[in-house]
Amino acid sequence: MCNHHPKHSHGNDTIRIRGARTHNLKNVDLDIPRHKLVVVTGLSGSGKSSLAFDTLYAEGQRRYVESLSAYARQFLQMMDKPDVDLIEGLSPAISIEQKSTSHNPRSTVGTVTEIHDYLRLLYARVGTPYCPEHKLPLSSQTVSQMVDAVLKLPEDTRVMILAPAVRERKGEFVDFFADLQAQGFARVRVDGEVYQLDEVPKLEKNIKHNIDVVIDRVKVKADIKQRLAESFETALRHGNERALAMEMDSGEEHWFSARFACPVCSYSLPELEPRLFSFNNPMGSCPTCDGLGNTNFFDPEKVVAHPELSLASGAIDGWDKRNQFYFQMIQSLARHYGFDVQAAWETLPAKIKKVVLHGSGKEVIDFTYLSERGTTFNRSHAFEGIIPNLERRYRETDSETVREKLREYQNHRACPSCGGARLRKEARYVYVSGEPLHEVSAWPLTKTHRFFETLDLDGNKKQIAEKILKEITERLGFLINVGLDYLNLSRSAETLSGGEAQRIRLASQIGSGLTGVMYVLDEPSIGLHQRDNDRLLATLKRLRDLGNSVIVVEHDEDAIREADFVVDMGPGAGEHGGNVLIADTPENVAKCENSVTGQYLSGKKSIAVPSERTPVNPGRMLVLKGARGNNLKNVTLELPLGLITCITGVSGSGKSTLINDTLAKITARELNRAQEEPAPYDDIRGLEHLDKVINVDQSPIGRTPRSNPATYTGLFTPIRELFASVPLSRERGYNVGRFSFNVKGGRCEACQGDGVIKVEMHFLPDVYVPCEVCHGKRYNRETLEIQYKGKNISQVLDMTVEEACEFFDAVPTVSRKLQTLMDVGLGYIRLGQSATTLSGGEAQRVKLALELSKRDTGRTLYILDEPTTGLHFADIALLLEVIGRLKGKGNSIVIIEHNLDVIKTADWIVDLGPEGGDGGGRIIASGSPEEVAKVKGSYTGKYLKNIL
């Protein structure tokens, strides 16, 4: 072991941990300096998260929550008390984790960061409302302001002052004209024509008319002030508080209103309030879509799932031969319109398709129905149409299951009323400096930031807005500093990746400006290009300089080198980890012999650049043409098959759109027969070289504690078969199901095979206690009496992969799968470990192992999205070996990645960019790493050049 306890003076400047035993920690004693940037690093599974999150954060949070009243505690999640003897020097803790924010469709980047709240305030206080119809500002003027406006016109301009008396009303208005004459007026303007009052033509009764009373005609001179003022006063009296000055030569009109309203149509608003601009408030949300910005509709393309089939054989699910009632309707339609139910849907005329999908309108059709007794009866009525039928069933059903089923046929589209702006009409026509709120929210953050930095308001508006603007620009600045300049405020929070969501939370934390807090972060560099790394580190240092302790679990080399203090966990993973190898400055860690991290930092170990690249075979290319989803600019992607291709580019350059939303979905639809809707593209060629696509992402392998690596990889089935074939099992007649903890029979019924029982404590966190009957073993006594090589099924589930590998080495079906788990570096996880306790990186590697263990044809396309998340240098070397094995069998691998160690070992690179958001979406460079390194304008190339 290297020097691992720099002795600090035990004052207020250290966090002292003594005897930490959470998860796999081996009684760890550790002193961490406070108010410093501390990086915790080590192999995947070495106990970093156990130390940072499950010990430090859990205890900091728990102590803070304990200080609150019992009433307040019930609303907060209480953390379990970590297994530790003593922790001193803790501050209240805030954790910023990888979990993608919310699945609430109402959450946007603006609402999560609270910038939207400040914008609402700004628009309510200094916004200028406009009339949606006439695009004129709503404003009220005094008579003297109206007079001044007319006097500003060039001298000698002939002006007519009018009172708009009737607007868009039907009638003959005979009495009205007589009344005006009696009051001494001489002229009126009717529908744009000026007449003497006694010469007005007879008006048509059923047409809407506009009538203005002519009050005065003047030439603009300085001495007509008094006369103008009197004319305007008269005009306002007769024109419903409105007046109109028309230049007689050019016909140009100047409208005035004495009320806060549109001078033309009197459209007016109550006083502007912040809630008018909230799409989560009925006052502000668009009434059509309730502020969601999109509406669901039944999509004909999804309803007709198999257009190549006939109606009889299942072009439309549920309306074919197997469903007698609905199919009788289709047959009756076919008789009425004379089409063939056996003909493929694609070949039917458009008119017939329209009737089948949308109904026959008013046309009555004779339907013949067959009752259950076998008698037929006839009815005549219009045909409802399949889509209206689905809409009606969706509206009327009370069953969530039916709704779920019907949702499969739905798609979203932008709301027809607000066009996706989410706000009601009144709010969409309030402008600040000529821009409405929903437009500003849709800009990339850099543009929004510039707009508010340079916003120039006049007079008292400037004073009102000053503080609000400071908050808005500061918060936008923080978002830009963590590399999110390409996002916009209206972007839905559920579409953000884990790394983006985490950095947004990081930015809002800096925005809140707390001091004296302990922040615990989980790999904030995920999804960040090398270029943005410096800005992220500057942000973390800024958090530290505010007076906070910043503890980061991180594998990124720059972060480790820039830290004030590094804690290296190890030496191995799982059972073999849980010790602190060294806790010291980065310089000293690099000198430490035992530390794998140190060896990579000092350059003793490194991931080698392959001596030669596999050449591209021009005959085996996958070509995707015209991809234009999100920000892609009509891109053509050429992927050499049978190689490892890295898709690179700064955050927001379009990598996920191109690969996950376009390529993965097209290939899944064409090769795996999946119901996927890819982003728009023109054409794809070269699919004949592939027979399936596998997308290995970081989503959890199961959301319930019952899901575990053994069940997920299919290991558990052969293990249960082994136990069922033991002589004692045969004797008792036990089958495979006896050894499952998910079905009745072999499992312990007291805890239903969970091994723990949840006890609800109202003011405290729910407590999970081991089941008293089976003592956490999940099975009943009879099942546990069956042993294979001296171990029962519960003991097998408790083995680590490594132990199980030795135990089952004589059983090829099991050992093959176990070996692949070993190969991806997961020897330390337990077979029965609950899926919910696996990190994203671990879940992804379990999936990789599952794919590796399958017999494959060598014609598979593997898609991996940032597989290095959660991986240490040494783990990355392992991962690259595994990917190399997949390639060795002839498969094609596409990796979205920022990690330079992976990028430099790829055969082919496709670099998107140059920037994120609108500034991205183009392919800047493609070729071998050496070729890309030479491309000017490619950020990836610039960093590759330094290491190749």
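Quick reminder: no glycine exception, Cβ is built from N, Cα and C everywhere.
Check Swiss-Prot against the ranges 38-65, 234-261, 262-289, 710-737 and you find zinc finger recorded for 262-289.
Secondary structure at GLY42 (ATP binding site), taken from DSSP and collapsed to helix, strand or coil, is strand. Packing against the zinc finger (262-289) from elsewhere in the chain are residues 106, 111, 116-117, 119-121, 123-125, 127, 129, 131-134, 136, 138, 164, 167, 240, 242-244, 255-256, 295, 415-418, 421-424, 426-427, 430, 437: each is 6 or more residues past its ends and has a CB under 8 Å from a CB in it. Per-residue pLDDT, averaged over the zinc finger (748-774), rounds to 83. Taking the Cβ of SER44 (ATP binding site) as reference, residues of its chain lying under 8 Å away and at least six apart in sequence are, in sequence order, ALA573, GLY825, SER839, GLY841, GLU842, GLY870, LEU871, HIS872, ASP875.
Mapped onto DSSP helix, strand and coil, the zinc finger (748-774) counts 0 helix, 8 strand, 19 coil. Summarising the environment of GLY649 (ATP binding site), the number of other Cβ atoms within 10 Å of its Cβ, over all protein chains shown, is 29.
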